[in-house]
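In what follows, a structure is listed as structure tokens, so that the remarks can point back to it.
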Amino acid sequence: MLYGFSGVILQGAIVTLELALSSVVLAVLIGLVGAGAKLSQNRVTGLIFEGYTTLIRGVPDLVLMLLIFYGLQIALNVVTDSLGIDQIDIDPMVAGIITLGFIYGAYFTETFRGAFMAVPKGHIEAATAFGFTHGQTFRRIMFPAMMRYALPGIGNNWQVILKATALVSLLGLEDVVKATQLAGKSTWEPFYFAVVCGLIYLVFTTVSNGVLLLLERRYSVGVKRADL
């Protein structure tokens, strides 16, 4: 059915999942830091992240990906030349994680910023009244409450990152897109394997929707839903 390319395509699918999961972890970390910076009283860090999110949202993802990838490679070459050592090529997987994480960290910044702002101030005041430290207030009050508001945005960002992994094949990563392209060229069946690639991504997104639904139910425990 896959003309002997099932192993290659399976390996490519695993690489795609690894890339997506690693990228979303980096993006979430950047998003939490960025949201904290934009909500803090420090104007300098707030302006830095404001410029960062504005830049990312104003430039196409593919252009940013190429700029970051080649920019990192050029910077690394300058460092290796100055140290008199051999040139080091950036691994496509590492490059993909950094570029996707950096790009979508801006979107997570806005997602988390809005979610933190939606947490009722009364919750924080109550935690302070009970003698909670800042760390305890964040872990036990703010983060669980924020997640209920952030999950829809997190789900959307995850789906976009998952589909954006297809762009990383342009950097030389042997993901599911590259694997199906190879199979299509080798068998003279490019359309067939393009459909296979699309179906694999559809499976990924369908499973993701199920996981996100479970998470939304988990963080909505105790919250009354309006009856329509």
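Just so it is clear, glycine is given a Cβ too, placed from its N, Cα and C backbone atoms.
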- Message: Check for me whether Swiss-Prot puts GLY46 and GLY135 on a single side of the membrane.
- Response: yes
- Thinking of Cβ pairs under 8 Å, which stretch from 13-33, 88-108, 195-215 has the most of them with the transmembrane segment (59-79)? 88-108
- Which residues of the same chain, at least 6 past either end of the transmembrane segment (88-108), have a Cβ under 8 Å from a Cβ in it? 15, 18-20, 22-32, 34-35, 52-53, 55-57, 61, 64-65, 68-69, 72-73, 76, 80, 153-154, 157, 160-161, 164-165, 168, 171-174
- Task: Please list, for the topological domain 'Cytoplasmic' (34-58), how many residues fall into helix, strand and coil according to DSSP.
- Result: 22 helix, 0 strand, 3 coil
